[in-house]
Amino acid sequence: MRRKTEIYSVELNGTKDVELADQKDDKKFKGGKNKDSEPNKSQEEELKKELDLDDHRLSNTDLEQKYGTNIIQGLSSIRAAELLARDGPNALTPPKQTPEIIKFLKQMVGGFSILLWIGAALCWIAYVIQYVSSTASLDNVYLGAILVLVVILTGIFAYYQEAKSTNIMASFSKMIPQQALVIRDAEKKIIPAEQLVVGDVVEIKGGDQIPADIRLVFSQGCKVDNSSLTGESEPQARSTEFTHENPLETKNIGFYSTTCLEGTATGIVINTGDRTIIGRIASLASGVGSEKTPIAIEIEHFVHIVAAVAVSVGVIFFITAVCMKYYVLDAIIFLISIIVANVPEGLLATVTVTLSLTAKRMAKKNCLVKNLEAVETLGSTSIICSDKTGTLTQNRMTVAHLWFDNQIFVADTSENQTKQAFDQSSGTWASLSKIITLCNRAEFRPGQESVPIMKRVVVGDASETALLKFSEVILGDVMDIRKRNHKVAEIPFNSTNKFQLSIHETEDPNDKRFLMVMKGAPERILEKCSTIMINGQEQPLDKSSADAFHTAYMELGGLGERVLGFCHLYLPADKFPQSYTFDVDSINFPTSNLCFVGLLSMIDPPRSTVPDAVSKCRSAGIKVIMVTGDHPITAKAIAKSVGIISANNETVEDIAKRRNIAVEQVNKREAKAAVVTGMELKDMTPEQLDELLINYQEIVFARTSPQQKLIIVEGCQRQDAVVAVTGDGVNDSPALKKADIGIAMGIAGSDAAKNAADMVLLDDNFASIVTGVEEGRLIFDNLKKTIAYTLTKNIAELCPFLIYIVAGLPLPIGTITILFIDLGTDIIPSIALAYEKAESDIMNRKPRHKKKDRLVNKQLAIYSYLHIGLMQALGGFLVYFTVYAQQGFWPTSLINLRVSWETDDINDLEDSYGQEWTRYQRKYLEWTGSTAFFVAIMVQQIADLIIRKTRRNSIFQQGLFRNKVIWVGIISQIIVALVLSYGLGSVTALSFTMLRAQYWFVAVPHAILIWVYDEMRKLFIRLYPGSWWDKNMYY
């Protein structure tokens, strides 16, 4: 009687069955997120159905009957075509792509762009109002058109940058369509894998990618790499046996997109496309919504501030103008002019270029940014949830320790392994190295003689590859050694025997004996031995030798390393002459009373750059959490070696071991670090997970499933953390998408992971993330400096309008002139600040709090507007009044002169000396005053640019000339001003005139005052950290 089908969750690394009944509270873990951020209920139910499997329990006959197929003959072509039409192609549905036009339009209307569109609309409204009242000037039409042009050009630039990253992403995709060897109509055929259907009989061999979910009906030495599902690369044996109730853990199922490492197998396709396990996880990722980036939130916040300031000031002065008996239409024009004067027209272009420059800089450092705004998000990161394999480690098994002659020796685990320091003169090492070399099926692919050993491609599993490369580095040409010691018989490793054995002729022409070499699980190998080799001599395997073995085995195993035992036996020539035929099925040779030679342990070692990178994270206040599918002991060992768990910090288990008491007796609060398994996490409530994340600074999650990685990310986000997640497998894609910034691996990463991520590490190196964090913090700092620089002149541009309205002076500076400041003299200097090097404390600060540490905070606004801004305005008016006074108009005579000044019919207006001025002469003087005001702002902006190089350090600590682009910006300011004044001074439509040389220097004392004032501000901040001055003057 067939058992009732059970439904299992994708707990891929768990050690026990996990029923979905236990996962009903999944939503509780989601932290109350909005509906868009998780799959809807019907979708979840559908995803559950996809795992409604009992195929692993069925006999071959039942399986043939269920799918209407035949193991020998396969499906008929006609039936296959029917199934293909019914189920669709065997491919994952690609993620929904945003149409290019929508991407382009988003660039046109996001953030600053809205402000500029409103500004342009207001300019045109002002022109219409003036036109109706018959006083129309084309200035506002030009201004509106230029604002629209700025939006379009910066939008095109941002779209181009994003499209470039998208194209690089597309190039990751496999260009060659995958093929599958299928039996149809009793013939073997090679067809595109997309055309496979359920019931097809497929054959796979070492090196092939499994083309669909298959139930194995034949297997010979088949091992698969499930890393695209589990994230871990330990080879998994595959057979035809039903070994586990959970279909995800039984050995007779092969999963779509996993790789067959060695051996051969035949299987019946049981799921295709989106119905495969990989398809299910990809569907889970597509249901997870992306959150707004922190920089997008900050820009939105800044737009609100600027809009609020602009509208508030505009309305106040609109009311003032009406109260002062101005015409309502004039008051509306004033309102619009004040709002437009507050809009930082050049800032949109500056921010876009700054993000692009940083993205390019990061690409050079192996970080490909898909979304420009993700650059800054990385800088805000407060928690990094990092995968272990390939990110923190080198993604290759490496020999770490050896034990022979009763000693543990340390092997070189660096990238090239050229510094092996252990004793190689011992006779025991000679025997051990021979076993390591001969008892190994891995081989180098031919034609790689010129490639460094550690980079050569090997056919074989991860452990065998490690042993092969280790032998090649120390002994030389392994393939030549094997030729000289010809293999005559072999028993491959299997999970039942837990050993691998081979028999060889020896290279010594005088020794006619066969050499049998064996490796495997240390306890199994020791059972087969009666002697042990010490210093090249065989000795009886007594209790003291066995105890020494167990001590070494426990020590190496406790380091999280995979330990193998090695032994050999010379077969006597009289019983086993050279003509002897060895039978590996009936085993007609001894497999006991062997000589134990030594132990060897392997680990996927940490990358050499990771400990320093983790240390930098700790200095920067970033918590690094390891999330892996690997064994807790291995995970903890790697965490300790890279500094995720500090040398002095203990887990509950460490304290229990040290005190020799049960784990339950230890007060959890005593432990500073925690290692949590997937099974423990499954039983935690969200509140317990929150408590864990709050109370422990050093955490390792081991044996976790894809859903659990998602739960961990959401738990971190509940603590108001900005979370970065690394991953490479399809299993990681839901968490990558949910994180504030998802980081996929460029080399080992699956396409699904790269699609879900915001950034791709081209070198798969954790240290590149830390580089990215520094770049992200730097861009936030530099954007702050850019905004502070840009906002400062707003007051100097706004005050002339206010004085014009309130005091009735001739207009000190016009809207077109303001535009030349915002888009002419200030653009290149603003961009130059993006090249500014980091201040010394950038990686010693805590991560910024996304709700408290704003891009534009109160301190920045007050300092820019009311401190430096007012100084600039005073400097501008000083030059303005100097120009008018030298021409005969004393400052007092200009008050309430506006109406007479602007009346076209008055051509005999008297100045303070009784001289008469025509309308044209007055207009020319107004242009001169406006040009002088423009130059005054430009001169003071040079000082403002220099002081913005730092926020805390002195300019002299930072270096005046380290950022050469700043000086390019300063020179560009001066050149633009010179061209406008002397080159285009005769073009009356631009409102510029040729200035006397003396007017260029009137504002210089104000520029020096700005510099000195800011240096004093920074000095007091450094001298009195935490004081009122620090809290209110550091922006």
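Residue numbering: from 1, along the chain as shown.
Cβ coordinates come from backbone N, Cα and C, glycine included.
Among the ranges 100-120, 121-141, the stretch that Swiss-Prot annotates as transmembrane segment is 100-120.
Cross-referencing 584-603, 744-763, 784-803 with Swiss-Prot places the feature transmembrane segment at 784-803. One residue stands out among the recorded positions ASP387, ASP732 for having the most other Cβ atoms within 10 Å of its Cβ: ASP732. For the recorded positions ASP728, ASP732, SER954, a Cα to Cα distance of within 10 angstroms from ASP387 (active site, 4-aspartylphosphate intermediate) holds for ASP728, ASP732. Within 10 Å of the C-beta atom of SER954 (phosphoserine) sit 13 other C-beta atoms, taking all shown protein chains into account. With a cut-off of 8 Å between Cβ atoms, the residues of this chain six or more beyond the transmembrane segment (784-803) that come close are 302, 313, 317, 334, 337-338, 341-342, 344, 346-347, 350-351, 354, 809, 811-813, 818, 821, 826, 829-830, 833-834, 836, 855-856, 860-861, 863-866, 868-870, 872-873, 875-877, 880, 933, 937, 940-941, 944-945, 948-949, 951, 1035. For ASP728 (Mg(2+) binding site), the number of other Cβ atoms no farther than 10 Å from its own Cβ, over all displayed protein chains, is 30. Taken together, the residues in the topological domain 'Lumenal' (804-813) have a mean pLDDT of 91 on the 0 to 100 scale. In the three-state DSSP reading, ASP387 (active site, 4-aspartylphosphate intermediate) counts as coil. Long-range neighbours of the transmembrane segment (300-319) within the same chain, counting only residues 6 or more positions beyond its ends whose Cβ lies under 8 Å from a Cβ of the stretch, are 111-112, 114-115, 118, 331-332, 334-336, 338-339, 342-344, 787, 798, 801-802, 805-806, 854-856, 861, 865.
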